[in-house]
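J.: Pasting a structure here, questions to come.
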Amino acid sequence: MTDTWTVAGRTFTSRLIVGTGKYKDFEQNAAAVEASGAEIVTVAVRRVNVSDPNQPMLVDYIDPKKITYLPNTAGCFTAEEAIRTLRLAREAGGWDLVKLEVLGEAKTLYPDMRETLRATETLANEGFKPMVYCVDDPIAAKQLEEAGAVAIMPLGAPIGSGLGIQNLVTIRLIVEGANVPVLVDAGVGTASDAAVAMELGCDGVLMNTAIAEAKDPVMMARAMKLAVESGRLAYLSGRMAKRRYADPSSPLAGLI
Amino acid sequence: MSLDGTAGVTINGEHRRLPGGTSIAQMIAEVGLDPLRVAVERNLEIVPRSTFGEVIVEDGDSYEIVHFVGGG
């Protein structure tokens, strides 16, 4: 059985999207991407260092022809900043599939949903395919979808916190209500968190810090790959019902 | 154009002086970058890569040259 997922007409096998920030160096980053099996990586758009243009570049280590670059708007606090960033990203790479995040404040990095919604509408009108980082709110998720989001990406917990998925109910409600892929974006700390997201029926998981800040990022990348696959299989297989009390696994008949 | 025929421009916040008639493509080469790996914004407007060879920098222009870096 091939189990794929499709976003904005592009089909992928891996359900794990990984970030490319916070790594020790590009070599470790590339090795972690390889171990994760990810087919999409998020990247940021920043000024070139014009004083030292010969510094190594991400594209020298992670080939955009093999791995889909998903440009993000990390660090943007208004719709205008985010739109400006993604217009530049489209020109730099030629991609219309982008990750929109418009932040509300530095302390929590919670999304500003009013600005996020506004940016989603503008980007969709300009032909972008925005995958949108958002609060874990089923109503906001619907509004984003109506505005043109090609994927809904609710946080499981604050960005970089590693606290795991805090509200299983809202993530499940978003999954049930969505007509576009849902990916948990942010909050995953370890493999079981990724499995939980997938068991809730999410189409994928996006993470950066959980891998990059592990003591052995490459090993954690593999753990995440396996966790996402395990969680997906568990979801598809249909878990047993929960019981309040015990139910013996061995037959009672024929007891001596 | 300034009196001496050169163009004073700002690139990523740094001031540079370029010869008159310099194209965006020449400016990128002057900085030492690969035009296929960057995007250029001129006075807040995107410059399509296909026009890098034609657009001439003007005195007072402000440029942002960006590329992809690691991020989550």
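Here the Cβ of each residue, glycine as well, is placed from N, Cα and C on the backbone.
TrEMBL entries are annotated by machine, without manual review.
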J.: Out of A:GLY148, A:GLY160, A:GLY231, A:GLY238, which does TrEMBL tie to the same 1-deoxy-D-xylulose 5-phosphate site as A:ALA186, A:GLY187, A:ASN208, A:THR209?
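T.: So the 1-deoxy-D-xylulose 5-phosphate site in TrEMBL includes A:ALA186, A:GLY187, A:ASN208, A:THR209 plus, from the candidates A:GLY148, A:GLY160, A:GLY231, A:GLY238, A:GLY160.
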J.: In whole Å, how far is A:LYS99 (active site, schiff-base intermediate with DXP) from A:GLY187 (1-deoxy-D-xylulose 5-phosphate binding site) when you measure between their Cα atoms?
T.: 17
J.: Excluding near sequence neighbours, so keeping only residues 6 or more apart in the same chain, what lies with its CB under 8 A of A:LYS99 (active site, schiff-base intermediate with DXP)?
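T.: Long-range Cβ contacts: A:THR42, A:LEU70, A:PRO71, A:ASN72, A:THR73, A:PRO130, A:MET131, A:VAL132, A:TYR133, A:MET153, A:ASP185, A:LEU206.
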J.: Taking each of A:LYS99, A:GLY187, A:ASN208, A:THR209 in turn, which of these recorded positions have a Cβ less than 8 Å away from a Cβ in chain B?
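T.: Cβ contacts with B, in sequence order: A:ASN208, A:THR209.
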J.: Please average pLDDT over the domain 'Thiazole synthase ThiG' (A:7-251) for the predicted structure.
T.: 96
